[in-house]
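Per TrEMBL, the features are as follows:
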type	residues	note
COMPBIAS	1-16	compositional bias 'Low complexity'
COMPBIAS	21-35	compositional bias 'Polar residues'
COMPBIAS	47-57	compositional bias 'Polar residues'
COMPBIAS	103-118	compositional bias 'Polar residues'
COMPBIAS	138-148	compositional bias 'Pro residues'
COMPBIAS	153-162	compositional bias 'Polar residues'
COMPBIAS	205-227	compositional bias 'Polar residues'
COMPBIAS	252-261	compositional bias 'Polar residues'
DOMAIN	375-413	domain 'Zinc finger Sec23/Sec24-type'
DOMAIN	450-686	domain 'Sec23/Sec24 trunk'
DOMAIN	692-776	domain 'Sec23/Sec24 beta-sandwich'
DOMAIN	787-890	domain 'Sec23/Sec24 helical'
DOMAIN	914-967	domain 'Gelsolin-like'
REGION	1-261	region 'Disordered'
Amino acid sequence: MGTENPNRPNFPARPAVTPFAAQQSATPFLSSGSVVGSEAPPFRPVSTASSQFSTPPFSAGSEGPAFRPPPTSRSNELVRPPPPSASYGPPSSGFQHFPSPQMPSTGQLPPPRTSFTGQPVVPMQTRPPPGHVSLPSQPQPPSVPMGSPPQSIKTGQPNMNIPLSADQHFLPSRPNAQASSPPMGPSYATPRGTFQSAFPGYANMQPNSVAQAPTMQPSSFPLQQGNYGPPAPSTPFLSQQRGYTPGPPMSTPSGLYTGTQMQQHGIAPPLANSQGLAEDFSSLSLGSVPGSFDAGVDVAALPRPLGGDVEPKTFAEMYPMNCSSRFLRLTTSGIPNSQSLASRWHLPVGAVVCPLAETPAGEEVPVVNFATTGIIRCRRCRTYVNPYVTFTDHGRKWRCNICSLLNDVPSDYFAHLDASGIRVDMDQRPELTKGSVEFIAPAEYMVRPPMPPLYFFLIDVSASAVQSGMLEVMSQTIKSCLDDLPGYPRTQIGFITYDSTIHFYNMKSSLMQPQMMVVSDLDDIFIPLPDDLLVNLSESRSVVEAFLDSLPSMFQNNMNVESAFGPALKAAFMVMSQLGGKLLIFQNTLPSFGVGRLRLRGDDIRVYGTDKEHILRLPEDPFYKQMAADFTKHQIAVNVYAFSDKYTDIASLGSLAKYTGGQVYYYPNFQSSIHKDKLRHELARDLTRETAWEAVMRIRCGKGVRFTTYHGNFMLRSTDLIALPAVDCDKAYAAQLSLEETLLTTQTVYFQVALLYTSSSGERRIRVHTAAAPVVADLGEMYRLADTGAIISLFSRLAIEKTSSSKLEDARNAVQLRIVKALREYRNLYAVQHRLTGRMIYPESLKYLPLYGLALNKSTPLRGGYADAQLDERCAAAYTMMALPVKKLLKLLYPNLVRVDDSLVKTEEFDISKRLPLTIGSLDTRGLYIFDDGFRFVVWFGRAISPDIAQNLLGEDFALDYSKVSLSQRDNEMSRKVMKILNKYRESDPSYFQLCHLVRQGEQPREGFFLLTNLVEDQVGGSSGYADWMLQLFRQIQQNA
């Protein structure tokens, strides 16, 4: 049981508990950075070849990690109700704070449940009597077959109850290393087939499985938020805000406390010395009567983030002067006070930083100009003055909150202190009251004059680029944005086009029309007229507009299918290297001429599941990584727009964006008639959003802790200096924290993010975000202050990096294993006192972690195998997810699903917050639904939807093939309402444009590709459903619990 730790935190908190002793894990996720090219010393990129997730010692044996493709002859009767004899567990209980209903006994008839078609289904529920809660040691046969049999009842299932030592799970990846431990149940465990699926990644579901939960091991999942009902402990206690009072007897019929008895933090068991565990937790009953054949799973009771991202409020209240969480989020706001405590946390300790996040009106970051005083910084650690520094000696000295050094206050900055030691001019000093501030930097912060905003366009004009319509849409969009490019009148612009030759354009302001110069010698690139290829936009505006008007027609009859992309890239570098700027690449063809040409290595099914699988996801030619290092050194950021309908090796091209702080936009099968709005919006945002140029970023933190690994799209210039040629509000970066000292002696740790950059107006600025976090000696407090969004954001980057050095299955297993180890450690805090047999418990702060972990494993970069995502699509999604801010990433992992047909026929305003669980059971055949993951809309029309709705929205096209129908505003109220809803979603996050895809129920393969495979709670193509996933986690948590 341990004893109470005397090291009490100095911040408002409930009583802490001494954590149980646990085995210490080896340090997970070792990171290294590779040296790139001749510029090795100043640049150390984050290596894609180096694993950030170390390989868990599990091999899948005969059960490979691929999705199971569906049979080719598949029934379309997707909405047939299940037979009334099916039994799948209790009715939905949800998260409620009122008394739990009496559960039906084994012999009772259960209440009806509504199926997908709206018809009642009769489920059966078995509830164990108190004190008889257990999990059967052997699998019990299910009562009804449910599509793909879950791995948990396969013959030859590996033993899940063999304990593993903690330090075995994250050994560094070694090629050809054989795992010595038995496999854990991977989230994708189906026999590998060498055949294609009937359509890409579609669910392998039986006709009657639509409205049913996956067949599971005998268990049930009743769940109450914040409630805890162990079988029969001798001394139940009721948790109050700061104390415990006796609870009701455990002979309550349901075995659970009522919601009215639950106060703010749920039930927590007492310690031997009467001190309570200061923790909120929820519990999940996984017990059924021994010998029962009931596979009771109340899927509706499982926790779901239907309200979107949930940020911990306690932290913000504790430190009101911290910067906003939109700029900096910690994975846990309770910093462990020792290395041993950190090793028991098992989840990443770190932060996600979005330094230029957009702010709502009225919350803009204040700008401070110290003028002749100079910026006030600590002379030792170089920390910027912030709200957490303290002034002493009558205001003549200030103490650094990071390193505790006493610094002199410059005479120009001096102010007297009041009786409480606070400066009398505090309210006039935003840098002393605000967690985020922007300083105007003086000349000593410049190594050269501030650069002008510079946009350079490298455009593929081969036959496929012209035929797809990309050239025309791109030209029109750039022309429409010329007035809105930041930095007027200093903005510079230039163009190069290429096919098998390279075309330069002289845009000198004295010309009426641009002059085109063709260079065909690709081995020895030279720059004709180097002074006139980059021009000032305001001076050469008419020439630039004439060029953009003539560009599509200039190449309209081009039959050249080759691409000299590598030589063109070198030419663009030669033009831009003097100033830096942003290079926008429009690539439609696999590079085939000159340096950097790539072969059609494609996606080889034979490689999946082998040690060579990850090579497909790495750049083939080191030319691109070397070019990226050169670009970064010369302050050039690269954004890649890829359009091809064939393989274009995004893994190689995307590395240009990865190491220069850019991003990848991927438009597979681009056709201007379909995709023009998406390209127009995203290109316009890229060109017009406020951008920070020639930037560097450093994160400082207090004594005893430091950031050791960094994850995202950038290049490391030194161990902790991140080089960012261009930054904007849509980019986020993650970092992992480690303790340098065995034991922290401070009560608070401070973090300060500093971004030094050039604004588009030509000012050198420093944006500074400061935050404080308490040091805790209690593992339970770390869990209470955890931030699921930040944890998953860091997890996703680690997992994606692991796919560049390991198999997809290894990356998925590593995510699952970290969640299991964390929840097992948490269970150890509680289970001993209360004999929590057959019950899964987890902290309230992490109740969505298992679901987000499942969604991450089903995301495009990690899911399945060969048949489940095209290689280019997988790589493009990985590059995108590495840069996404927290809220955007969580929406991509667990998208919005809303029903809109009810509001179309009524007069009330549509509430976009009414989200539905991502399961096929949420879809009514009579309904109209919108699925929104932040990157696309899927509008799903039920088979029995009212013809009036379909006709009002689609006009005469409502009976056609929906792949040929587009949704546009028509002259009726319903159509206006739907378009208003879509526009409201788009306005809530303008970073990407959601293109609208229409899907009719049963229309294959469209329905499966666009919607069904993205319902992350369902069992699809061999992957686990939500209930099955929870059971897997529970069984692994039980090992050594």
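The backbone N, Cα and C atoms fix where each Cβ goes, and this holds for glycine too.
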Exercise for review: Compute the average pLDDT of the predicted model within the domain 'Gelsolin-like' (914-967).
Suggested key: 90
Exercise for review: Give residue numbers and ranges for long-range contacts of the domain 'Zinc finger Sec23/Sec24-type' (375-413): same chain, 6 or more residues beyond its ends, CB-CB under 8 A.
Suggested key: 321, 421-423, 431-435, 437, 439, 441-442, 700-703, 750, 752, 754, 766, 768, 770, 772
Review point. Per DSSP, how many helix, strand and coil residues does the domain 'Sec23/Sec24 beta-sandwich' (692-776) have?
Key: 0 helix, 57 strand, 28 coil
Point to revise | Residues of the domain 'Zinc finger Sec23/Sec24-type' (375-413) by DSSP state, where helix covers H, G and I | key: 6 helix, 11 strand, 22 coil
